[in-house]
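Per TrEMBL, the feature transmembrane segment maps to 41-63, 75-98, 104-124, 131-151, 163-184, 205-222, 228-251, 263-282, 288-307.
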Amino acid sequence: MVDDRFNHFRIINRVLEKGMPVLTPVSVAIGVWMAERFSNFASAVPWLFAVISFVGALGLTLVDIRERLRRPQAMIVTLFILQILMPLIALLVGMWLFDPMTRSGLVLAFSIPTGVMSLMWVTIYHGNKSFALAVVFIHTLLSPFFIPWTLRWFIGTDIPFDVGGMVWGLLWMIVIPSLLAISATRYTPKVVPMMKDVLSPIAKLHLFLIIMINSSVAAPFIRSWDLSLLYIILTVLAIALSGYGLGYVGARLLKLDESMRISMVYTCGMRNIGAGAALAVAYFPPPVMVPIVAAILFQQVLAAALGKWMRTGRTDQSLIERGTT
C-alpha cells in the first residue's frame, strides 16, 4: 500500500529522474564555474556517496542474488565485459592516443563498478530488475578486490596510488552501505518503502553535489579547453558506447529475453562515475580526473538516448510482427 504522506518525495524523485540528462551536465558547469567554493568540500564526497550506495541497495535481498546465481551465464558474461574487456579496451585506446595520466583515468573510468543509476533506467525501460540488482551488488561487493587488481595489472607503475586506502574507500563508500541496506530490507521490510521514498530524491541531490565537487577539482584542466580535451571527451564517449554494444551482443549470443537484454545493456554500459570520481580525488593526481568528468558529462544523456532507441526498435518490431500475422 502506498503511503500518501510521502507522495511529495516521490514527485520530487520523478522530476529529478526525468531531469537527469539535463541536470548532470548543468552540475558539471556549476562545479567548474564555482570551483573555488566546491573544491573545499572534496573530503565530503565519500560520505555523500555512502548514502547513494545505501539507497541504491534498498529493496535488494539475498534471495534475488541466489536466484540469479542459479543460472550464472549472464552474470559471468556481464562481469567479464565490465572488468576485463572494457578496461582492456580503455588501456589499448589510451596507449595509442594519450599520455600516462589520461590513460590511467580512462582505465579507472572503465574499471569502477557498474552504476547504481543503471537500476533506474532498467526500471524505466522494463528490464529485469532482479538481474540488474544482483549485478550491481556482486560487482560492488567485489570492487575492493577487482579495482586495485585491474589498475595494478593494466596501469602498472605509471602513476602512484594508495592501494590500501582505495580498498578501504571502496568498502566504506559502497560495500558497507550496501550490506546495511540489505540488512534493513531483511529485518525492517515495512520501513524500507518509506525509506526509499524519502531518501531517493536526497540521494540524487547528493549525486549532483558530488558531480559539482569533482568537476571543481578538475576545473583547471577543463577551463584550459583545447583539442586534446575534445579528443578525450570523444574517446570516452566511444568507449562507453562500446560497453552498451558489448552488453547487447552478449545478451543476443546467450539468447536472452528482451527484459534481460535491456538489463545487460545498461549494466554493461553504465558505470558508478561518482565512485570513480571520489577515488580519483582521494588517491590519484588531478589530471586522472579529466576522463571521469568527461564520462559524467554524457552518461545520463547517453542512457536516455539508448533507452529511446531500444523502445523505438521494439515498437517497429511489433509492427512488423503484426503485419506478418
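Including glycine, each Cβ sits where the backbone N, Cα and C put it.
All annotation found in TrEMBL is predicted automatically rather than curated by experts.
Between the transmembrane segment (104-124) and the stretches 41-63, 75-98, 131-151, the greatest number of Cβ pairs separated by less than 8 Å involves 131-151. Contact between the transmembrane segment (131-151) and the transmembrane segment (75-98) is supported: at least 3 Cβ pairs lie under 8 Å, counting only residues 6 or more apart in sequence. Counting Cβ pairs under 8 Å to the transmembrane segment (205-222), the top-ranked stretch among 41-63, 75-98, 228-251 is 41-63.
Only sequence-distant pairs (6 or more apart) were considered; of these, at least three Cβ pairs between the transmembrane segment (75-98) and the transmembrane segment (228-251) are under 8 A, so the stretches are in contact. Listed as Cβ neighbours of the transmembrane segment (228-251) (distance under 8 Å, sequence separation of 6 or more from its ends, same chain) are residues 74, 77-78, 81-82, 85-86, 89-90, 93, 97-98, 102, 106, 109-110, 221-222, 260-261, 264-271, 290-291, 294-295, 297-299, 302, 306. A Cβ distance under 8 Å defines the sequence-distant neighbours of the transmembrane segment (41-63), meaning residues of its chain 6+ beyond its ends; these are 116, 119, 133-134, 136-137, 140, 169, 172-174, 176-178, 180-182, 184-186, 192, 195-196, 199-200, 202-203, 206-207, 209-210, 213-214, 216-217, 274-275, 277-278, 281-282.
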